[in-house]
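Trainee: Could you have a look at this structure, given as structure tokens, before my questions?
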Amino acid sequence: MALSSGQPKVVLLDIEGTVCPISFVKDVLFPYALSALPATLQAQWDKPEFSQYRNAFPAEHATSQEALTAHVKDLMSRDVKIAFLKSLQGYLWESGYKSGELKAPLFDDVAPKFGEWKKAGKEIMIYSSGSVAAQKLLFKHTNGEPADLIPEISDFFDTVNAGPKQEASSYQTILAAHPEVPEASDWLFLSDNVKEVEAAKQAGMQSFVVERPGNADLSTEDREKHRVIRTFAEI
């Protein structure tokens, strides 16, 4: 599939529903964080290294382990995307990744395409609602070959250092962070979320909708308005 403005110099990637199944986050990572939370709070509650995670929560929810647990469960049940929750989730997932209990199930076309893009001199960057720390954990522990894709990735962006993913200004912030590639048309953003694709386009980037197994259905209007790919091999 040809690109609208030539080959991109930077490929900017979403994670859930783009490089790995949405179900990995909702059915594996979220339950793991909830199951690990009580023991982690009991062991780490008063330790200085944990205070940055605890103190980031609103004070009324950080008065006790029980209060924090209840608040985390409530936020996660509503899939609230807020920085202090994402940071705590990343902290909880770290031990699971390091033990081998967690491993990111990338779609089969992802790791080979990373190698192809790098060989062609393209930069690969990530933009996800998950924290940068959680993104790095995921890409360091995958089922791909190689399993650690961190060396292939030039930069990571989240809602803290870039902004909300459905706002064009966030993509402009990402562009500004890399003045070595100043032309927005030299960037290609790939995501399963149509509103994110539209925001990237508003910022001047090329952008395709990625349709993977388990993703939300796309409307006829979405398919007419945007390029839709099912695998990175189509690029």
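Including glycine, each Cβ sits where the backbone N, Cα and C put it.
As annotated by TrEMBL, Mg(2+) binding site applies to Asp14, Glu16, Asp192. Look at TrEMBL and you will find Ser128, Ser129, Lys165 tagged as substrate binding site.
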Trainee: Excluding Asp14, Glu16, Asp192, please set out which residues of the same chain place their CB within 8 Å of the center of the CB atoms of the Mg(2+) site, keeping sequence order.
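Mentor: Neighbours within 8 Å of the Cβ centroid, excluding Asp14, Glu16, Asp192: Ile15, Gly17, Thr18, Val19, Ile22, Ser128, Ser191, Asn193, Glu196, Val210, Asn215.
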Trainee: Near the Cβ of Asp192 (Mg(2+) binding site), how many other Cβ atoms are there if near means within 10 Å?
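Mentor: Other Cβ atoms found within 10 Å: 22.
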Trainee: Note the Cβ centroid of Ser128, Ser129, Lys165, the recorded substrate site, then list each other residue of that chain whose Cβ lies within 8 Å of it, in sequence.
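Mentor: Going along the sequence, the neighbours come out as Asp14, Ile15, Lys81, Tyr127, Gly130, Asp158, Thr159, Glu196.
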Trainee: Could you give the Cα-Cα distance between Lys165 (substrate binding site) and Asp14 (Mg(2+) binding site), in whole Å?
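Mentor: On Cα coordinates alone, these residues lie 10 Å apart.
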Trainee: What same-chain residues, at least 6 away in sequence, bring their CB to under 8 Å of the CB of Glu16 (Mg(2+) binding site)?
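Mentor: Listed in sequence order, they are Ile22, Phe24, Val25, Ser128, Gly130, Asp192.
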Trainee: Taking only same-chain residues 6+ apart in sequence, whose CB is under 8 Å from that of Ser129 (substrate binding site), what do you get?
Mentor: Lys81, Lys86, Asp158, Thr159, Lys165
Trainee: Using a 10 angstroms cut-off on Cβ to Cβ distances, just flag whichever of Asp14, Ser128 is the loneliest among these binding-site residues.
Mentor: Asp14
